[in-house]
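Per TrEMBL, transmembrane segment is recorded for 20-44, 56-75, 95-116, 137-160, 180-206, 227-247, 267-286. The domain 'G-protein coupled receptors family 1 profile' annotation in TrEMBL covers 36-283.
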């Protein structure tokens, strides 16, 4: 890519073609990010199968990626196409940079919350409804966005970004090295270690459950295991996309480099943004409920409004179910609520 970039820089006849190609790629990338995350938000809102506590974190992650596609990516693309020249002044430059940091931080912390949520669901599924309540989920999401807001806008309050901005100047971090290192550790490396530890514990717990009572626990946690595989894939995509950027920024901070290479920084930054476009692709690819909901939305099909909610287990995995002690019901039954009693699947 570097050779291609240098070739186009030196060849005037092909520069316009390369610029047009960049326009097409960037616009398609932004459109994919926005449309994909809108689809995920609509899928969560319209599908009864996705009306679960854990879906709140997925929805928050999709909203974060959607805001990134709407508010940050167009401005970053503009900088790319204008060779880094910022026409909107210092105030909007600071807001743009802070929004970028805020949404990235919110995405990381949401993935951290998802890993904790999956660990609680796998380690003790019977106590999960008591531990993870709507109120606690709301408090967690509020804390995530509050911390992200504080981390992102502190640089403006301390005057670390573009304090003497002049018209036409490049809008970028001033690379305050202490801030770069502290942010990388608190916002990326520390949460990443915790998330990896959580998924390691999930793997160990899942193996122990199969050894203790393979049939019973496999049925009781089949759906949770499938959801965990999906979320582990999201974590893997996040690491692959964002690890190069934070490693690069950490090296720049350690070397006290205040003017990093423009091309290298651009490549690792857009690789990080790729994560926001991958997430809405991974949801339907790895989760049958998301795949079904997205298919209904794309095909403009409406679910029957008069139907009762279905059993939360897939048809092939649904165990015998009963209301209290009233005996087993057939697989794939509607989820019934009678006199305050709900059908429980065992």
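Keep in mind that glycine also has a Cβ here, set from the backbone N, Cα and C atoms.
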Cβ under 8 Å to the transmembrane segment (56-75), counting only same-chain residues 6 or more beyond its ends: which ones?
29-30, 33-34, 37-38, 40-41, 44, 50, 96, 99-100, 103-104, 106-107, 110-111, 113-114, 117, 134, 137, 141, 144, 234, 273, 275-277, 279-280, 283
Do any residues of this chain, six or more beyond the ends of the transmembrane segment (180-206), have a C-beta under 8 angstroms from a C-beta of it, and if so which?
101, 104-105, 108-109, 111-112, 115-116, 118-119, 122-123, 151, 173, 221, 225, 228, 232, 235, 239, 242, 246, 249-250, 252-254
Near the transmembrane segment (95-116), which residues from the same chain, at least 6 beyond its ends, have a CB less than 8 A from one of its CBs?
54, 57-58, 60-61, 64-65, 67-68, 71-72, 75-76, 88, 140-141, 144-145, 147-149, 151-153, 155-156, 161, 171-173, 183, 187-188, 191-192, 194-195, 198-199, 202, 231, 234-235, 238, 242, 272, 275-276
Averaging pLDDT over all residues of the domain 'G-protein coupled receptors family 1 profile' (36-283) gives 81
